[in-house]
Amino acid sequence: MGADSNEDQLDHLTGARCLASFWIVCGHFAPRLEESVFTPVRHRGNAAVNFFIILSGFITHWVYAKRLLSPKPGQVARFYVRRIGRVVLTTWFAMVLGLVVVVVQLRGRFPEFGHLLRCFLFLETWRDPIDWCPNGQTWTVAALLPSWLLYPLTCRLVFATAEHGGLLLLSVLAVMLWSTALAPMIWCFVRQGYWLSNVQGIWSYIWPPSQIGDFALGAVAAETARRFVASGSSVLGRFSRPAADVALLLVLLICFMVPSGGARQASTFSFFSIFSGANAETGQNRLLLCE
């Protein structure tokens with residue numbers, strides 16, 4: 001995470017990332033046998049993906065905020081090289097490997113050139129999130145790229161908010177980001193009789209602008225954490241760890257206990273989709289009736 005000092009190391013996040021990664025892998029590769037107590041949570045791997053999107057914003061701000069806010073010249077260019085450069089090169093390599101597999105599956109036929117070009121330029125998910133690129137899970141890099149490019153501005157916005165209003169105004173900003181990003185989904189959900197289509201879920205999940213709010217929310221959380229640590233409050237420190245544990249348990253209980261719609265959910269707004277997903281079967285029946 002950060003190599004400059006030990007304070008940048010957040011070892012507890014290693015365990016959280018391991019749990020979220022295992023969750024996602026199970027959602028993609030676990031055998032689909034008879035229904036069990038684990039079925040609802042397996043269908044909700046999008047909650048773990050959502051965690052990684054917010055975590056990207058958190059870690060980016062935690063590691064790079066001080067550098068970008070320093071008066072030294074060239075900090076933005078260094079940020080782009082360090083944060084984006086290596087990730088892009090690795091993603092291109094993964095796409096090439098994925099393309100080899102696709103060509104083998106297609107018995108020597110290549111996918112359409114324009115599609116491949118848009119994939120390597122990270123533009124395909126802007127045009128059609130459902131048209132998968134080679135090594136399809138590289139969509140997360142395409143989805144996060146606008147947030148990384150905008151981060152120097154996000155960093156200054158978050159810092160200015162904290163300087164003028166402290167933790168209170170940061171909390172207001174967090175609520176505004178979350179509610180603004182969620183508003184289109186709520187509008188569709190209510191307008192359609194309290195259900196969301198799979199296509200709408202995918203657009204809210206893979207289309208790059210849909211991730212900007214969650215990434216910024218992670219940056220706000222990181223600034224809040226920095227100021228919380230700097231305050232040295234023993235009262236807050238005493239309750240912060242139990243509160244974090246309780247929050248994690250509540251997330252897992254919701255994912256386990258709320259009835260599942262019977263399919264793997266795809267939506268950035270994971271907790272909203274958990275409850276809307278319970279209406280998925282009814283919504284699909286309505287759609288079939290309309291057609």
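Using N, Cα and C of the backbone, Cβ positions are placed for all residues, glycine too.
Over in TrEMBL, the protein carries these features:
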type: TRANSMEM; residues: 47-65; note: transmembrane segment
type: TRANSMEM; residues: 86-106; note: transmembrane segment
type: TRANSMEM; residues: 139-159; note: transmembrane segment
type: TRANSMEM; residues: 166-187; note: transmembrane segment
type: TRANSMEM; residues: 246-263; note: transmembrane segment
Would you kindly check 47-65, 86-106, 166-187, 246-263 and say which stretch has the most C-beta pairs under 8 angstroms to the transmembrane segment (139-159)?
47-65
Can you work out which residues elsewhere in the same chain, 6+ from the ends of the transmembrane segment (47-65), have a Cβ less than 8 Å from its Cβ atoms?
1-2, 8, 10, 13, 16-17, 19-21, 23-24, 27, 79, 82-83, 140, 143-144, 147-148, 151, 154-155, 158-159, 205, 211, 214-223, 225-226, 251, 255, 268-271, 274
